[in-house]
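Here is the structure we will look at, set down as structure tokens.
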Amino acid sequence: MCAAALEEYCGSIFWNASYLERPDPDLPVCVEQTVLVWIPLGFLWLFVPWHLVALFRRPKVNTKHLSKLYICKQLVVSLLFLTAIAHLGVTLGEDFGPNSDQSSTNAGVYYANPVLFAVTWILVLLCHEGLRREGAIDSASLFLFWLLLVVCDIFPFQTLLREALRLGEVRDVPRFSLFYISFGLELIALVLSTVADIPPEAKDFIKKNPEAGAPFLSRITFNWLNSMVLKGYKQPLVQEDMWDLNESDSTAFINERFQHFMKPELDAARVRFQNKMKKKSAKTRDSAQEDPQQNGLSSGLGKGVSQDVLMMEERGKKEDEKKKKKKDKKKEEENYPNSWLIPTLYKTFKWILIESAFFKLVQDVLTFVSPQLLKLMVSFTQDKSRHVWEGYLYAVLLMVVALLQSLTLQQYFQRCFVLGMKVRTALMAAVYKKALVVSNDTRKESTVGETVNLMSADAQRFNDVTNFIHLLWSCPLQIIISIVFLWLELGPSVLAGLGVMVLLVPINGFLATKARKIQIENMKFKDKRMKIMNELLNGVKILKLYAWEPSFQKQVEDIRGEELKVMKKFAYLTSVSTFIFSSAPALVSLATFAVFVSVSKDNVLTAEKAFTSISLFNILRFPLAMLPMLIASIVQTAVSKKRLEKFLAGEDIDSDIVRQDPSFNTAVSVCDGSFAWEKDAKPLLKDVNLDIKPGQLVAVVGAVGSGKSSLMSALLGEMYSTKGFINIQGSLAFVPQQAWIQNATLRDNILFGSPHEEKRFKDVIQACALAPDLELLPGGDLTEIGEKGINLSGGQKQRVSLARATYSQADIYLLDDPLSAVDSHVGKHLFEKVIGPSGILKNKTRILVTHGISFLPYVDEIVVLENGVISEIGSYKNLRASGGAFSKFLDTYATEQSNQRNSETGEGQDAEDFDLIPDGDDAQPDSALEDTVSLTLKRENSIRRSQRNGSVRLRRNTSVKKSENADEQKKGQKLIEKETMETGQVKLAVFLQYLRAMGWGYSAMVFVIYFIQTAAFVGQNLWLSDWTGDSVEYYNTTYPSWKRDTRVGVFGALGVAQGLFVFLGTLLLANASVDASRILHSKLLNNILRVPMVFFDTTPIGRVVNRFAKDIFTIDEAIPNSFRSWLLCFLGVLGTLFVICLATPFFAIVIIPLAVIYFFVQRFYVATSRQLRRLDSVSRSPIYSHFGETVSGLSVIRAYKHQDRFLKHNEVTIDENLKSVYPWIVSNRWLAIRLEFVGNLVVFFSALFAVISRDSIDSGLVGLSISYALNVTQTLNWLVRMTSELETNIVAVERVSEYTELENEADWVTDTRPPQQWPEAGRVQFENYKVRYRPELDLVLHGITCDIDSTEKIGIVGRTGAGKSSLTNCLFRIIEAAEGCIRIDDVDISKIGLHDLRNRLTIIPQDPVLFSGSLRMNLDPFDKFSDEEIWRVLELSHLKSYVSGLQEGLQHEVAEGGENLSVGQRQLLCLARALLRKSRILILDEATAAVDLETDNLIQNTIRKEFSDCTVLTIAHRLHSIMDSSRVMVLDAGKIVEFDSPSNLLEKEGHFYAMAKDAGITLESNTHL
């Protein structure tokens, strides 16, 4: 019916099958005139409305500008319009012209088509104009329209040509010529539509972000990335090379959208939660004392109470703990508004999700087209009577389908990965924003580390899951479709293969749980090993001084041994699961085919069936492997979701606690206020009434824990007010007790976001006593301050914090004890110049919490706190007179301070890290510019260690006393060298080094076995193709059963062999890689323990730890895995190419060019991708450290009201990271699309050559080679991924070997060994001894010559940096002599082994370093002494009573760094160590501030008694302790200036006398001693 109408419309026949059943097929003219015209035009008309809408909107860009490209496009379309009119003209002329033949008119189509085309061209002209007004660069729909049009016009193109050639003349010249003219114009239009039309105003933006200017073709092939890939190949990329982000990918945009959807969702969730809580509280109402309603003012409506009541009940009944615990857990879970995060994310990113789902669906459908085409192809080669053009058609179709599949797959991946990135960004930004406003309750629930974890780990989990979220529906879909197709091929026998697959799932699950257990065990050992390594590196100086390295080396090696055992277990387990996974496809096809042929005699395996099924089974493997993994990661993400919901739904800080009412005439007033830290806790501050007038200076005093800092927090609005209110007029500045320093320059820390005014800045620096420090810092005020202010001393941090407040020019200053961390004379300076009545802030309101009594007389008013209540307020005089709490306070503190004063004067300068170098007395011109390392080493002895950080060495990048010519930095001036970031390609040598560590034998065997496995795989498939040949041979005859059994048997045997060889190979590789791990680790450890001390002073410990943690982890786990995958992939690709060449030898010709393309793509990609990965990890850490900083400095940020600035900063930091993440995602797509293109060419050529040589080739082989080719795209992709992963990972070997080749110190034991009893007398002689810390630096000791007799007691004194500690370092050969020598009992110490020397000397170091382990291990790590001896020394060092009181006695576990012992006890333990060694020479490096006077006396007395017959060298910081020594050595600038008995030196009135006078010691007082 329809055909008849069309035939009338065309005036010719519409369809006749005979057109196709000939060697040169063609389409009927009617089809070409109707269907092939309507397809492209219909497509265009669908999209036209969208483009035309733009004509009615206001133009987005400047419309005056007409680009050349635009004019060309319009010109071409106008010409096409003219051709359409001409067509119409020709038809009209023929029908109605003067010489028209009335009998035969033209058919309707000759009128309709020109009109259709004319209308279309007008529409296209309008579309172009619409696009230009939109400012669009190009249009996908128009490009596709032109493409369709050209493709559809190819058919009439060849029809007309062939007809003309057949007839030898052109019948219809005008139409013939018009067609070819318009075809040419269409081609031009197609080319023009692929070029981007960039408006001039967008040019600059597109330079920074090429993606915005990429036309359609470039967008789908990711060509716009080329420039970056090229750059990355030429030289390593750096952060500056990164492009700008698209508006929609930027943090600010994503965060805004996310917050917009989050608010309503969260509010709804809160309402649901409150209703639930109401129901609950109704149940517990009778036991609750108060109705939650009255607490319902804040948003958490009643949350607090009901929860607390429940908890109280629980506490009441402590029995049935276990049941209660579970109950508690349940309550915990429901304790916050939940299930709102996922809907929010969905709403925010709905469109990307829908788009990617669409692409995934298309791709899934296309996946199943290839096997069907393969089937047609195979049947084509079998049936020799078919026309050749069919084969070419199938080859082209295979190629087109594969191309479409690649394009859709990459678009899908691109969208999914970008979605993952955006989800991570949204969560990170939300967590950060929340952290700025979070209330104290919520803050208490999690530590800073946990909060940072939300941002790093949990957001990352979401990122990983969203990448693959569509597999949740796509996997089942793929499984169902492939089962359907397999059923159509093989009938019910599919179920056998499917059964095998399903069976493998639980087995894999079992193995996975087992593996997880082993992993956990492994982590335990890893943590243990890292803990010891950490301690070892932190206390490396002590190990060297005591010569204890071997003991610790053994400890670490033992744990490492355990760890490797577990690793081996894990590797064996992995190899079992690999075995199962690799033999799965073989087993599945074996089961299916065996069942298929044995079910009935009629079932014969043909080539079509076999290879179609195999390619379907290959499709099935992926979803079956992915589903369990996906589900596991979703479960993990659920945990993260809970944590994020809990944090993000927590309560915000109440902003209306502090009022800003201008009607008050005070600066600060608190009316009858009571404040608590938690919502329903007892108030800490009760009934506070306080009025402070503008411009007053108020001191707040009170005993420890009386609530002084809480009062500050209350004024800042950080506490809950249970009653009363606070009113504050004006802006606040806050100096916390613990200074909070940002990781930025010193200037930025002080400016804190305010503009920089030079004069004001200078004044503040002067007033805060920072000027001398700035001279010491290498970059002045632009010095970069490390995290948590690591390179500033405590006093400096506090002064920077004060300077920040001073600079901010606020109205009210809250100063929380800023003077406690600084020295007394500095404190005085700060009070005079900044805080006090004549300081910079004299006109501001100041509230000062202080313990310093000396300042109190100068303040306007004093507030005395006692247990959270203000006990009295008044001026100093009045309070002094009243004799209340204040005078009591004064008495306690006055006595303490006078005690301190005595000792302080002597050590004031030393202790405070020479924060202020007093004028004149230290700046002698002859002291050369010292470098930082020597200073750090020297100053180790004079740094007051913060007791908490046990043994963290303070590193300060200072260079002291800039002399005029010191501008050019000397080599080695910078203390910490920058870590080298590996760039460029990894050397082959590194690979060889790893193989060598694995053992050459092992490596070769692994390779051979894997090779055999690949051979078995290929063999199995060749056997299969041979088997399919039987169907031709036994056509219409019965199939002999012996033949069937052999076929199935050999097929199965080869399959199992494959699995076994993989298993063997994996086992061998596991053993080999464990060996490699062992060798590399022990080399590294061995060397690190033998490296000279200087290395540890110039290398941050973290960097060394990283070698032992991350790099060793990579060598243990990542490298073996990627190595194995790489080998398998590589051999797989070789096998594929071999099979294709075997089937169609022609193919070998194509391999070469394809290999070249492949190689280049791969090299370009690896270079760029590797660098992008590095940039990603480098730019990721600032996000977390900035966040950690923000959380720890919250109160400061809130006090200054700088939340917005920090939010902005966070957005910028995340954006910087996204700038390298985004190109990395795209670079993966860039690579994949190019590789898949190569793979598609492989498919195309293998099909093409199969068609060409179809007469000489067996259909089985065709099926084989094409099904292989279809698989090769994935394998190629993997191969490149694996290569780049292997390259990235192998860097770890490089980094580890870098540290195994460091220069060692001298041998521990040499051939010249000292006598057994040496040193007997204990005489020490220095002969013209000179020493420097590193070859390129100046001398530290300038030729010291002295003689110390047996049993002398020598005191060594001198200012900081005079070389006191260098002397001990030299005795132990921590640093080696530059000239001269030291003799002990006439043995030159540089000639004997280090351990021989260090074992015979004893030192009591300045800071007591303990290691985690038993007490006994800390005293005697080599188990040399008996328990009796140990108890004896414990008694002598006054620890016996303490140790015998412990449950485990000597086996008592010491915590890391000795945290569970007091500092005094640690010092006594070090004394016990010395007593146990009891050598003839004792060096006593006196502790400065760590020890209380009592312990100090204990130690001094024991030493006098026990070491009376030894030579004792004491490095003194307090002169009192060495006044009784036989001689005193005074050092200055590395020379001995005085050396005599103390009394003589005092009479001489030289250096020593001056120091003694400072310390308040004179001849008279000395005679009293």
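Placement of Cβ uses the backbone N, Cα and C atoms for every residue, glycine included.
Remember, it's a predicted structure, so these values are computed and weren't measured experimentally.
Annotation source TrEMBL lists compositional bias 'Basic and acidic residues' at 312-322, 961-974. Summarising the annotation, TrEMBL assigns compositional bias 'Polar residues' to 896-906. Annotated compositional bias 'Acidic residues' per TrEMBL: 907-924, in sequence order. The annotation domain 'ABC transmembrane type-1' is assigned in TrEMBL to 356-636, 1004-1288. Taken from TrEMBL, the feature domain 'ABC transporter' applies to 668-892, 1324-1558. Per TrEMBL, region 'Disordered' is recorded for 279-333, 896-925, 946-974. What TrEMBL lists as transmembrane segment is 35-57, 69-90, 110-128, 140-158, 178-198, 391-413, 494-513, 619-639, 997-1018, 1048-1070, 1146-1166, 1231-1252 (among others).
Per-stretch counts of Cβ pairs under 8 Å to the domain 'ABC transporter' (1324-1558) identify 356-636 as the leading one among 356-636, 668-892, 1004-1288.
The stretch from 69-90, 110-128, 391-413, 619-639 with the most CB pairs below 8 A to the transmembrane segment (1231-1252) is 391-413. Here the transmembrane segment (619-639) has Cβ contacts under 8 Å with residues 367-368, 371, 461-462, 464-465, 468, 471-472, 474-476, 478-479, 482, 501, 504-505, 508-509, 512, 581, 584-585 of the same chain, all six or more residues outside its ends. Outside the transmembrane segment (69-90), and at least 6 residues removed from its termini, the chain residues within Cβ reach (under 8 Å) are 110-111, 113-115, 117-118, 121-122, 124-125, 128, 132, 174-175, 178, 181-182, 185-186, 188-189, 192-193, 195, 197.
Outside the transmembrane segment (110-128) by six or more residues, the chain places 9, 33, 37, 41, 44-45, 48, 51-52, 55, 70, 73-74, 77-78, 80-81, 84-85, 87-88, 91, 139, 142 with a CB less than 8 A from a CB of the stretch. When Cβ-Cβ distances below 8 Å are used as the criterion, the transmembrane segment (178-198) is approached by residues 67, 69-70, 72-73, 76-77, 79-80, 83-84, 86-87, 90, 131-132, 137-139, 142-143, 146-147, 149-150, 153, 156-157, 160, 206, 213-218 of the same chain, each at least six residues removed from its ends.
Counting residues 6+ beyond its ends, the transmembrane segment (1146-1166) has Cβ neighbours under 8 Å at 229-230, 232-233, 985, 1137, 1140, 1227, 1230-1231, 1234-1235, 1238, 1241-1242, 1245-1246, 1249, 1252-1253, 1265, 1276, 1280, 1283-1284, 1287 in the same chain.
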